[in-house]
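Data block below; observations after.
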């Protein structure tokens, strides 16, 4: 086998060092790889390591600081703090500015350090996985990071029930001969694909002899095409052979490859490593992850810019009112420092800590167990999703096919009547084969009820023939494995049922063969030339496989010609989609109607037919078929023409209906998302028919919606005509293939996206991984709305990383998607609660918290502006030292931060009425309107408190500070109480704790406070102080309470109607 080395893939990738291009690893080139001799390499190849860390030991601190201060506002606060070293600009103690900045930096550095340590541990675990390598010293163990191009790797089938990293191994096979391979992590298809070994190496006695022959592989340069490979295998003379084999050249194709991130069915394989690191197909098909910045953060950033503009304007106004006297430019800087609270430094740290709390709440929610938050910076994004893009296999479905219906035209058998089918099969005489029993049905003696017996026999023979056809027309191979009691050889010899597993290129075929086993006819053996079935009596029926016509997406059918060894009868069986089989089978009046009925139930329908051939007919066909396969020109067309000569007037045997089991509660979850105003697009690598069936079955497309299947287009003209046809449809779901989508996006990107965005649902089938990411990117660019991508396989990683919110589902395809995602869930149904409850709460709480932090800063800045205006525009701080720091920390931090616990409705109500989520899509909780309202409230309250203190002070400056600061603290505590909609016991604790801290600091720290401000402790204890503070606080807060009551009374919000 030619093997691509496994590169563990679970998220952002940094495969090579920054100097890789300088070291000759920057360009992809073809290579010659000597088997077992990596030292003979002609060029340098990337190491097979994973490194998801952003920093190393030396770059961590400089890197984190650079990433913090490269943004203007963080740099602004740094310059603000540094300015206090200049005597002309100093306004107070250094710690007034450095302590808040240091606190923010410590929080950020600690968070980055934790993430880096976790990332390092994950990388180390993956890079330290042990593999077996074939060398001149025998089989040696080697770490994943130590594997090189040219190494011979021995890999066995991964055991069941082990951890995810083992299941991602790309090497396993049957030796000698072919093996089945699953590529679910690359293209989303979980069916087994056949892979073939290099023929000239199969004659070697042992695998160790691979090291004794001079052989090499010439391989094409690395590229993203996972469906094609071009290479050659050259075997020279044996070094230890007397006569030696002549040099052999053998072409290599995709059938000889085992890509990384694939898994095989059973056995062992020896493979030569061709690609490593960044050159892997799986890595090249994964787009580079982008650093996600939430829309909410951008909006807050915009508001902060407005506040900074206001800061500059106020400072200039203050200097202008002084008529730019003296060194006015220094006065501008002093006023910028004086009013610096307008831009709150605590905003960023409050929001970051809030995000951490929201992430903790998501992880601790018992209703969605196993949910992991990997990107704690964007939980509020979940509250504003407009488009949900989901994978199909393993995300919406369990990828478990279940046989649901057998239809014979006059009678149909469902799950509740399969025992009748079984009784017909078991009625086969134990001393004859199934075919013989069918031929002898007419010879059975007539009973006392001739008519009834005749009907029963007719139905019985039809059921027999249908079951036999289903058991024969497939590409399924039974494989026997040791189970601890029986070894593999013994199990294969005696056809042990407990040791048998089925492997096939389609899970549909496996479900059909498993169903025939359940009704009594079991597939027990198969190779390239024969097939064995076992009857209920235990008799083995032998069939010779004469020809197989595999399923293709163009033909939409597969056929097989077999000879029954017991009777010599030659039969041509065929099964396929109803659209193609309708013109092949004999005329009937029920096929179209029943296929439609079964498809509406979400079943995958296959039509099974039969045609008996004489020996002469088959010999004539075989001669023409061989001649067509030898043609150099138009080979595929000539072969198809010969096969079609058989596909005429075939006998219709039955219809089969298979259902792909949906994940639990997929339908109600999709309904919740639809009612919440979220449009769902399904992007899958699966077939069009399969994707359409799943869309109907999951109710992604509702019963009253039409489906427009976009015709396959290859040219601009065809795309134009099809788009015009689609434009005439209204309220119609769209189904389109990846190839047609690529043509439409190439020539009519704007027109197509405009039409697709109007559809209630879109299904894109046969999508490549990079194409999924492209669709997400186009949606973001064309609509400006937030997108969420959901998937469970490696082929979904690009889509997940490109979306504004990526959600990975831990499924049968491994944890690759969940580890690369921002959020990880165990089931698709958890998505409803993640968005409707946690997403909604996170967004509303973040909006409330950010606006309150801005209000808190604007209040004290307004008071400073009023104070400076009254005292002749002097650049003198109103509060200094401990009061400034205490105001935004111990005095108000806990009550303000407790807003992260607030909620307007219970989680059950949010799930019951997803329409509440739709209100958030307009961004009303944080808008210019709400921002302006809070600015006006801040100006009003700051002015009232300052002017009230000025009116009521008794000829001493100290009383202004005492009265105004105490009123300010009480106003903030009351405003928090006014904002809260649902009280939590921690909120009450936070309010009382903050008040107690302020009182205690006045009593016990009055000397420390007095070092900076002449706080008159005796005046604070008087009745005069209490009534003045009470009056000022009531005037600042009471009108707002009255306005809130009136608004709730006459214009209540939607959620209040549900909570009343």
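The backbone N, Cα and C atoms fix where each Cβ goes, and this holds for glycine too.
Here the structure is a predicted model, which means the values were calculated and not measured.
According to TrEMBL, the protein has these features:
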- 37-97: domain 'P-type ATPase N-terminal' (DOMAIN)
- 57-79: transmembrane segment (TRANSMEM)
- 91-110: transmembrane segment (TRANSMEM)
- 298-322: transmembrane segment (TRANSMEM)
- 328-351: transmembrane segment (TRANSMEM)
- 391, 392, 393, 509, 551, 575, 604, 684, 685, 686, 766, 772, 795, 796: ATP binding site (BINDING)
- 391, 393, 792, 796: Mg(2+) binding site (BINDING)
- 391: active site, 4-aspartylphosphate intermediate (ACT_SITE)
- 853-873: transmembrane segment (TRANSMEM)
- 879-901: transmembrane segment (TRANSMEM)
- 931-951: transmembrane segment (TRANSMEM)
- 957-978: transmembrane segment (TRANSMEM)
- 985-1005: transmembrane segment (TRANSMEM)
- 1017-1043: transmembrane segment (TRANSMEM)
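What TrEMBL annotates, mapped onto the structure for a quick look.
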residue: 551; record: ATP binding site; contacts (Cβ under 8 Å, 6+ apart): 475, 505, 506, 557, 558, 576
residue: 604; record: ATP binding site; contacts (Cβ under 8 Å, 6+ apart): 401, 508, 657, 658, 659, 660, 689, 690, 693
residue: 766; record: ATP binding site; contacts (Cβ under 8 Å, 6+ apart): 685, 686, 687, 688, 737, 738, 739
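As a whole-number mean, the pLDDT of the domain 'P-type ATPase N-terminal' (37-97) in this prediction is 79. Neighbour counts of Cβ atoms within 10 Å were taken for the binding-site residues 391, 792; the minimum is at 391. The transmembrane segment (328-351) makes contact with the transmembrane segment (91-110), as judged by at least three Cβ pairs under 8 Å among residues 6 or more apart in sequence. Recorded residues residue 393 (ATP binding site) and residue 792 (Mg(2+) binding site) have their alpha carbons 8 Å apart, per Cα-Cα distance. Comparing the binding-site residues 393, 795, 796 on other C-beta atoms within 10 angstroms of each C-beta gives the minimum for 393.
Through the fold, the transmembrane segment (879-901) approaches residues 91-93, 95-96, 99-100, 344, 346, 350, 353-354, 357-358, 845, 848-849, 852-853, 856-857, 860, 961, 965, 968-969, 972-973, 976, 979-980, 984, 986-987, 990-991, 993-994, 997-998, 1001, 1005, 1008-1009, 1011-1013 of its own chain, all at least 6 residues removed from its boundaries and within a Cβ separation under 8 Å. Tertiary proximity for the transmembrane segment (957-978) is limited to same-chain residues at least six positions away from its ends with a CB under 8 Å from its CB atoms, namely 852, 855-856, 859-860, 863, 867, 878-879, 883, 887, 891-892, 895-896, 898-899, 941, 945-946, 948-950, 987, 991, 994-995, 998, 1013-1016, 1019-1020, 1025, 1028-1029, 1032-1033, 1036-1037, 1040-1041, 1044. Cα spacing between residue 796 (Mg(2+) binding site) and residue 391 (ATP binding site): 7 Å, rounded to the nearest whole number.
Rounded to a whole value, the Cα-Cα separation of residue 391 (ATP binding site) and residue 792 (Mg(2+) binding site) is 8 Å.
The listed stretches are 57-79, 931-951, 1017-1043; of these, 1017-1043 has the most Cβ pairs under 8 Å to the transmembrane segment (985-1005).
Under the criterion of 3 or more C-beta pairs below 8 Å, with sequence separation of 6 or more, the transmembrane segment (931-951) and the transmembrane segment (1017-1043) qualify as touching. DSSP assignment over the domain 'P-type ATPase N-terminal' (37-97) gives 33 helix, 0 strand, 28 coil.
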